[in-house]
Number of protein chains: 2
Amino acid sequence: MMRIRLTLAYEGTDFCGWQLQPSDRTVQGELERALSVILGGPVRVHGSGRTDSGVHALGQVAHFDCPDGREGFPWRRSLNALLPPDVRVVDAGMAADDFHARFGARSKTYEYRLWHEREFCLPQRRRFVWACGPVDFERMEAAARVLTGEHDFAAFQNVGTDVGSTVRTVTSIERLAADSPLESAWRFSADGFLKQMVRNLMGCMVACGRGKLSVEEVRTILASGDRTTAPATVPPQGLTLISVVYGS
Amino acid sequence: MMRIRLTLAYEGTDFCGWQLQPSDRTVQGELERALSVILGGPVRVHGSGRTDSGVHALGQVAHFDCPDGREGFPWRRSLNALLPPDVRVVDAGMAADDFHARFGARSKTYEYRLWHEREFCLPQRRRFVWACGPVDFERMEAAARVLTGEHDFAAFQNVGTDVGSTVRTVTSIERLAADSPLESAWRFSADGFLKQMVRNLMGCMVACGRGKLSVEEVRTILASGDRTTAPATVPPQGLTLISVVYGS
């Protein structure tokens, strides 16, 4: 057998998330279907992690195994010819036998985009932002500083997956240089994220940016470990999985 | 009567262009329908010009008239509450009685976006670029210099509209700083554009950038005034109407 590593981009709008579902359209499902055409039988694809319904990716990583003898096979071109246009293979190549897209991931970076004008959202951006209205960036950045570092993020984990420890290290939360005064982009990097953790951190930061929560209250929520004390999960379409880092 | 001026953004993907059609979904049609709800009767909206099916806008300008007595009416908020999310009123306000969105336009700027990677187009960009593959920017810019200035652009006009003179002044064709190495953006400004002129100029520039046409041949096509000698019209989804300038 040989192991192939894929880097994937997708627009999450019309997917019910990454993970295979019996009857819903998912990214994993589309990939496994395209691969089964090429390989003539069922194929299991392992992603770095699930993305939720409506969440996008620029650099999702996945792997699969196939029988030997396909060295030099044009995986990228062949898969892109079979996949629908809302998911694309950006890169494909041989991986080490012990490479594992999920268990080998050392850190991930997500981006969340906000739209700040209350009376309209640009049609061209509507699938990629959450129109939260005006916020105070400095207050959001103060909240981000509280949330950065090694913490127990139980207050920012939605129910549904038992992952054991809820301690994670958020290495950075940064606002990118704006390409429009009406939009802002926030990058979250961590050694791993709990279920809907980015969307819950963002909900807390926006509540702070709207003046509905003080930085001290953010600290209290984080320390409480109690999901019910934190603001609601923000919508999925603002979120994009940017990259996954591997290696020792 | 009072005259209202609108600045509009739309994603052209699901519109059959700007102009009202008896049975197809158009931007003008959606606007007139929303306005008729507000004003309680038929309203005629005048745009700065038509955009084709699939073409987008960030700064289309239009006007309409309504009975006096609506000073201070929240046109932007009210229209956006009635319009579908793929068209938005970005700005709305009173205009002079003699303002005319079409006849008063002094110049227009369009942008055309290309995607240069042959094996995949980013899903998030697929509605807004033409995936033309690799091109030589310097050759395209050399073609752009030939096409800039006051010329008879008959060779770059598609049939369908009798506009009288086909002489126009293209004041600039510029490549913008790239936000991605895989994408390029080209801005065209002129005192006016003939039917599908930007998409025909772009077709000529891309043919040049692919090495299929020399700069000298571009000069010959322009001088010929013969549409059949010029490369084909490029697809609509790469094109966006950026702005319209008024004033004396």
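The backbone N, Cα and C atoms fix where each Cβ goes, glycine too.
The following features are taken from TrEMBL:
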| type | residues | note |
| --- | --- | --- |
| ACT_SITE | A:Asp52 | active site, nucleophile |
| BINDING | A:Tyr110 | substrate binding site |
| DOMAIN | A:9-103 | domain 'Pseudouridine synthase I TruA alpha/beta' |
| DOMAIN | A:143-246 | domain 'Pseudouridine synthase I TruA alpha/beta' |
Spatial neighbours of A:Tyr110 (substrate binding site) that are distant in sequence (at least 6 apart) but have CB under 8 A: A:Arg187, A:Phe188, A:Phe193, A:Val198, A:Leu239, A:Thr240, A:Leu241, A:Ile242
For A:Asp52 (active site, nucleophile), nearby residues of its own chain (Cβ under 8 Å, 6 or more apart in sequence): A:Gly12, A:Gly17, A:Gln196, A:Arg199, A:Pro236, A:Leu239
Mean predicted confidence [pLDDT] for the domain 'Pseudouridine synthase I TruA alpha/beta' (A:9-103): 97
Secondary structure of the residue listed as 'substrate binding site' (DSSP, helix/strand/coil): strand
Helix, strand and coil counts within the domain 'Pseudouridine synthase I TruA alpha/beta' (A:143-246) (DSSP): 37 helix, 29 strand, 38 coil
